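Lifted from TrEMBL, the feature list:
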type     : residues : note
TRANSMEM : 19-44    : transmembrane segment
TRANSMEM : 72-96    : transmembrane segment
TRANSMEM : 108-126  : transmembrane segment
DOMAIN   : 113-247  : domain 'Fatty acid hydroxylase'
TRANSMEM : 162-187  : transmembrane segment
Amino acid sequence: MAFVIEACWTYLITHFSDFQLACIGSFILHETVFFLSGLPFIYIERAGWLKKYKIQAKNNTTEAQEKCITRLLLYHLCVNLPVMLASYPVFSFMGMRSSLPLPSWKVISTQILFYFIVEDFIFYWGHRILHTKWLYKHVHSVHHEYATPFGLTSEYAHPAEILFLGFATIFGPAITGPHLITLWLWMVVRVLETVEAHCGYHFPWSPSNFLPLYGGSDFHDYHHRLIYTKSGNYSSTFVYMDWIFGTDHGYRKLKSLKNEEVAEFKDN
């Protein structure tokens, strides 16, 4: 497996420049992973499949789904791509490389764990700030147009928010100057995580059922259902920041009541 990965990487760095791989390559990878992981949830919702796992009974209209896709394509081309192009000199200056040898899995996993910690901290405070009255009304309310989220709504947001919260995702890699393959793996994991958190379904195989402190779809879906200043659940991937600062009390109380109802039903 390692030989195949190295051979593929050798082909890439032989035929493309660092700039092409870091900017155009990253953009193509992001779009591919994002739409391939997010689009299925649109069709699952339209077809009415897996209803027993759907968190909210309400469905989005076809028009609302199409609006989301159209705006996403616009935002990705006009905001995400220029940011990738503009940030290349920073990453390059900080030591990002694409050359062989590839980093070890130990190095890759350590760096990605660090990125999660940094991203969770910055995202929590940035997201919480976006829920102040003025910023919610003029910026963050765009993301909350979808009270019943589906996978692709994870990146549906005001351009200012894309830049503001996107900083949380790129800050860790920007200060460490990782190998490009580490940056790509971080991008893939982060995209899959945020699509899952917005998918609108809580499956038996959802990561939150197995990973301690992982938020996931059930945790974030609650956030979308409530009005701006009362929502809580501001965390990105792991939920320890909400637990530390008590911004998940409403969600925990609701979960406790539901568990009591289930226990009562089973007893009867």
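Note: Cβ is positioned from N, Cα and C throughout, glycine not excepted.
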Open item on the list: Checking distant contacts: for the transmembrane segment (162-187), what same-chain residues at least six beyond its ends satisfy Cβ-Cβ under 8 A?
Closed with: 9, 18, 21-22, 25-26, 29-30, 33, 75, 79-80, 83, 87, 90-91, 93-98, 102-103, 107-108, 111-112, 114-115, 118-119, 122-123, 126-127, 130, 139, 155, 236
- [ ] Run through the domain 'Fatty acid hydroxylase' (113-247) and tell me, per DSSP, how many residues are helix, strand and coil.
- [x] 93 helix, 4 strand, 38 coil
